[in-house]
Amino acid sequence: MLSLVGRVASASASGALRGLNPLAALPQAHLLLRTAPAGVHPARDYAAQSSAAPKAGTATGQIVAVIGAVVDVQFDEGLPPILNALEVQGRESRLVLEVAQHLGESTVRTIAMDGTEGLVRGQKVLDSGAPIKIPVGPETLGRIMNVIGEPIDERGPIKTKQFAPIHAEAPEFIEMSVEQEILVTGIKVVDLLAPYAKGGKIGLFGGAGVGKTVLIMELINNVAKAHGGYSVFAGVGERTREGNDLYHEMIESGVINLKDATSKVALVYGQMNEPPGARARVALTGLTVAEYFRDQEGQDVLLFIDNIFRFTQAGSEVSALLGRIPSAVGYQPTLATDMGTMQERITTTKKGSITSVQAIYVPADDLTDPAPATTFAHLDATTVLSRAIAELGIYPAVDPLDSTSRIMDPNIVGSEHYDVARGVQKILQDYKSLQDIIAILGMDELSEEDKLTVSRARKIQRFLSQPFQVAEVFTGHMGKLVPLKETIKGFQQILAGDYDHLPEQAFYMVGPIEEAVAKADKLAEEHGS
């Protein structure tokens, strides 16, 4: 009888190892990836350390099984806690494993942060004694690192003495700031119609080729100039080519400076070809870099995550490898917890703020898919880039009617800003509803009032365009950063009819309204001569 029980237990354990028996993982459900270890607290320890690698622990184990990105390690003594980083010994390249489950019999199940090719059973593994720690501080600006903090830009080591664990708790309630404040971006259409809240989360929706990258670079540039703030770009499941292009475009536009220490952005990449463990953690690495600037330097940091869907997708792959029972549409059962644990760390404290702009891929354009639906619950604003607007040559191609913001409230932005924004949206909506009539009957059949609406709407549409500083090399137009007061004043005067006499092309690709007036005078001179 005992031998039968032993065989059943053995079969169950081996089935769990192969991922065949998801029920075998259930007793360890409370030990999964979603909780931070006891030693990790928002009051981070940024103490100087002498070497790039975190201080090693003493426990040594050996690999007993390798199933793709999942590696089981047995320790004779000193079992490492959940989320600890382990390092495989005797390899040329550094391979870090993160503890995900305790299986019993002194064995831990880990997720590899890099490829497991060449691993063999019996190989030695050392416990680092802490979660994955990465370099933080001003030295990370202008550099590209991977999920475990190694530089991947071929420019030597990141010379910082400060390291931080990628797992941390969200700031406590007493540390949070309750003030609602606009983060002025200097981009007219964003500041007027869908303003970003300091410490808020913005969803950036846009297909290929509508200007997502240029908008991201302009935001990085403007935040550095207007607020003196830094930015962090986390490429989660990105195409390597796109990440490479972005890096070189940033060098060309001056956002990254290779000659001196004036770079404004740190880059963290976990590309599409990386194992799921790396893609599931790289967003946390980027967030940790941003948290240092917020908590230690009191900065207003901009954190870009491209693409937040890949974070969820990687979590789903990891979950399946760990043998958990899948939830709706095959996603991990801890989807909401994984997302919430990360998103709650993106917030405003009394020291500074992290404002996050997250590119969101919507699978099969289905907004009810659990991955985007879970993300929407955390968003404060949405910026929708429209191909139809890009085709008109209006950049940034932000859709003024589809983009929304939670802080578009007269109690937060003020009644003047609110009234002007709603007035602009109303006139654009009226123009949209008149377009069918214009297409069939022509402009001549409209009433005088409707003709005026169309004329003003077309001027507003063009005035929502703006030359970007990072795109000067392509457009030949000098970039403009427009203060919020100037933006409100300009649109207010167009709505009031103060510029009904100016031609609509005068409003295209200008900064404040005074430039439109000057451009109209210049056009009149050219036509007069």
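Every residue, even glycine, has its Cβ placed from backbone N, Cα and C.
According to Swiss-Prot, the features are:
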- GLY209, VAL210, GLY211, LYS212, THR213, VAL214: ADP binding site (BINDING)
- GLY209, GLY211, LYS212, THR213, VAL214, ARG239: ATP binding site (BINDING)
- GLY209, VAL210, GLY211, LYS212, THR213: phosphate binding site (BINDING)
- THR213: Mg(2+) 1 binding site (BINDING)
- GLU238: Mg(2+) 2 binding site (BINDING)
- SER106: O-linked glycosylation site (CARBOHYD)
- LYS124: N6-succinyllysine (MOD_RES)
- LYS133: N6-succinyllysine (MOD_RES)
- LYS198: N6-acetyllysine (MOD_RES)
- LYS259: N6-acetyllysine (MOD_RES)
- LYS264: N6-acetyllysine (MOD_RES)
- LYS264: N6-succinyllysine (MOD_RES)
- THR312: phosphothreonine (MOD_RES)
- LYS426: N6-acetyllysine (MOD_RES)
- SER433: phosphoserine (MOD_RES)
- LYS485: N6-acetyllysine (MOD_RES)
- LYS522: N6-succinyllysine (MOD_RES)
- SER529: phosphoserine (MOD_RES)
- 1-46: transit peptide (TRANSIT)
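Set side by side, the recorded positions SER106, THR213, THR312, SER433 differ in how many other CB atoms lie within 10 angstroms of their CB, and the most is found at THR312. Considering only the recorded positions LYS198, LYS212, LYS485, the residue whose Cα is spatially closest to the Cα of THR312 (phosphothreonine) is LYS212. When the Cα of LYS426 (N6-acetyllysine) is compared against those of the binding-site residues GLY211, GLU238, ARG239, the shortest separation belongs to GLY211. Among the binding-site residues listed here, namely GLY211, THR213, GLU238, GLY211 has its C-alpha nearest to that of LYS522 (N6-succinyllysine). Considering only the modified residues LYS259, LYS485, the Cβ with the fewest other Cβ atoms within 10 Å is that of LYS259. Note on proximity: of the recorded positions LYS133, LYS198, VAL210, the one nearest LYS259 (N6-acetyllysine) is LYS133, by Cα distance. A Cα-Cα distance of 34 Å separates LYS124 (N6-succinyllysine) from ARG239 (ATP binding site). In sequence order, GLU181, ILE182, LEU183, ASP300, THR348, SER353, THR355 make up the list of same-chain residues 6 or more apart from LYS198 (N6-acetyllysine) whose Cβ falls under 8 Å from its Cβ.
Sequence-distant neighbours of LYS212 (ADP binding site) (same chain, 6+ residues apart, CB-CB distance under 8 A): LEU204, GLY206, ASP306, ALA359, LEU385. A 10 Å cutoff on Cβ-Cβ distances gives GLY211 (ADP binding site) a total of 18 other Cβ atoms nearby, all chains included. Once Cβ contacts within 10 Å are tallied over all protein chains shown, the modified residues LYS133, LYS426 are led by LYS133. Neighbour count (other Cβ atoms within 10 Å of the Cβ, all protein chains): 21 for LYS264 (N6-acetyllysine).
Counting every protein chain shown, the number of other Cβ atoms lying within 10 Å of the Cβ of VAL214 (ADP binding site) is 18.
Considering only the recorded positions SER106, LYS133, LYS264, the residue whose Cα is spatially closest to the Cα of GLY209 (ADP binding site) is LYS264. Distance noted between the C-alpha atoms of GLU238 (Mg(2+) 2 binding site) and SER433 (phosphoserine) is 39 Å.
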